[in-house]
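Marked as active site, proton donor by TrEMBL: E132, E374. The active site annotation in TrEMBL covers D265, E399. The annotation disulfide bond is assigned in TrEMBL to C328-C360. Among the features that TrEMBL reports, Ca(2+) binding site is placed at T485.
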Amino acid sequence: PSEKKTISCFISMKVGLRVSTLPLVVPPSLSSHNFSIGAVHPLTCSPLTYRVISPALFICTANCSISANKIVIALAIENWTPAPAGGLRGASIIDSLDTLYIMGLMEDYNDAKEWVRNSLDLNSNGEASLFEVNIRYVGGLLSAYYLTGEELYRSKAMELGEKLLPAFNTPTGIPRGVINLGSGTSWSWGWASAGSSILAEFGTLHLEFVHLSEVSNNPIYTEKVMNIRKLLNKIEKPHGLYPNFLSPVSGNWVQHHVSIGGLGDSFYEYLIKSYLMSDKTDDGAKTMYYGALEAIEANLVQKSTGGLTYMAEWRGGILDHKMGHLACFSGGMIGIGADDGAPDKRQHYLDLAAEITHTCHESYTRSATKLGPEAFRFDAGAEATATRLSDRYYILRPEVIESYMYMWRLTHDPKYRDWGWEAVEALEEHCRVESGFSGIRDVYTATVSHDNMQQSFFLSETLKYLYLLFSDDDLLPLEDWVFNTEAHPLPIIHKSCLQEEATQEKTVSN
């Protein structure tokens with residue numbers, strides 16, 4: 001009964017997906033891009049009665065050399081799986097399942113589904129990142145299940161979720177970052193300070209684990225993540241901030257480095273999204289999120305000499321005036337949380353979200369390729385530009401486009417679609433290669449050098465957010481879905497739906 005209840009409440013949210021009906025009209029905000037009648041669009045490989053950000057951006061069908069089937073088979077055979085996933089194969093396949101389905105690429109989606117059915121082996125003895133396995137594999141499988149109702153994905157997600165539980169066997173219940181899925185042995189990353197766990201890793205489990213409890217009818221997953229929250233509420237936070245390193249043995253902070261970018265980022269994202277996913281009933285997550293945001297504003301948010309708002313990093317009270325590409329998700333995060341803040345802060349939060357998104361757009365426009373660097377600085381005369389050679393690369397990251405999508409949904413200001421289109425053109429010009437898309441080593445050089453890697457998050461996040469940016473708002477509406485940090489949509493747990501079905505079941509049984 002609980003399984004049927006979950007399906008009927010959640011799978012019904014497919015309304016608006018319109019799998020066979022894709023946007024065929026150029027949005028008004030793109031009308032200035034004067035395409036000639038009958039022209040072939042560089043991304044769709046088709047005439048201009050076309051889908052603006054269509055499946056063909058994901059896979060060209062006519063004049064391009066790549067096909068979804070070739071991607072899926074090649075990735076499966078060649079094991080192009082990011083190292084953090086350890087011995088698990090097919091990360092790009094799992095990461096792209098929902099993208100294929102949402103875009104209506106059903107033949108290729110079915111090929112991917114059969115690979116999951118026949119070839120996905122979860123009994124890996126390699127080193128696997130708890131964080132990466134959770135957001136890519138568990139998140140991808142849960143999303144595919146909720147979108148399609150296929151029992152295959154639910155079964156695989158529950159099997160994998162169970163294999164992650166030994167990582168929580170620590171004195172505090174804070175999981176270690178690395179796990180052997182075959183033996184259940186877990187340990188901390190060798191590079192992590194004093195054997196610590198990472199805030200953005202143990203703090204980015206809540207959405208998936210709550211849904212694992214929903215689909216399995218087993219509360220253990222929710223209990224694990226609520227224990228993390230309980231510990232975080234108990235310990236002292238310097239200036240209200242959450243440092244990036246925590247000991248899973250003592251439960252104390254290891255060092256006071258705070259970042260809204262790498263090592264910290266998605267912890268904050270999952271606070272507001274946990275509140276939204278609970279149908280705004282998780283008051284604990286709400287309190288933590290707005291408390292953290294207040295501390296971030298007081299200590300990290302800065303204004304450059306040129307008037308750009310940015311998020312600095314905090315190292316024991318000393319500011320490092322650097323903002324990473326990863327931190328650019330925060331425009332969208334602050335935007336989706338604006339409406340539930342204090343009444344006198346709501347417009348302020350929306351304005352702050354717009355300012356940060358503008359800054360991240362500036363990091364793109366100030367490069368020769370119109371793509372943004374891995375990190376950019378605001379000191380020594382720098383304004384939203386990378387000053388170190390090691391920060392000049394772009395690996396197909398989604399965070400800036402993610403904020404464009406959210407800000408478009410929230411404001412319908414056409415500039416966000418225009419900015420997204422700039423990114424589409426830059427990706428096509430500088431990142432497309434014969435076999436797909438590649439990162440580039442220096443965004444400030446017009447003659448690019450490719451790194452020959454297509455990250456799985458490009459399929460899961462970058463292309464999905466672009467597609468949604470140019471789609472109607474009722475395609476995965478924000479009042480029914482939240483996206484995990486890998487852009488896998490998970491349904492909001494509408495309590496009214498569950499309560500109504502429980503009442504109906506009780507009536508029938510009587």
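Including glycine, each Cβ sits where the backbone N, Cα and C put it.
Just so you know, TrEMBL annotations never went through curation; they're auto-generated.
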**Message:** For a quick check of packing: other C-beta atoms within 10 Å of the C-beta of C360 (disulfide bond), how many?
**Reply:** 28
**Request:** For C360 (disulfide bond), find which of the recorded positions E132, D265, E374, E399, T485 come within 10 Å, Cα to Cα.
**Result:** E399
**Request:** Output, ordered by sequence, the same-chain residues six or more apart from D265 (active site) with a CB under 8 Å from its CB, or 'none'.
**Result:** A200, S259, L326, A327, F329, S330, T485
**Message:** Counting only residues 6+ away in sequence within the same chain, which have a CB under 8 Å from the CB of E399 (active site)?
**Reply:** H325, L326, A327, C328, F329, C360
**Request:** Whole-number Å only: compute the distance from the Cα of E132 (active site, proton donor) to the Cα of E374 (active site, proton donor).
**Result:** 19
**Message:** Restricting to the chain of E374 (active site, proton donor) and a gap of 6 or more, list residues whose Cβ falls under 8 Å of its Cβ, or answer none.
**Reply:** G324, H325, A386, D391, R392, Y393, Y394, I395, R397
**Message:** Let me check the 10 A CB neighbour count of T485 (Ca(2+) binding site). How many other CB atoms are there?
**Reply:** 25
**Fill in**
Checking the recorded positions E132, C328 for other Cβ atoms within 10 Å of each Cβ, the smallest tally belongs to E132
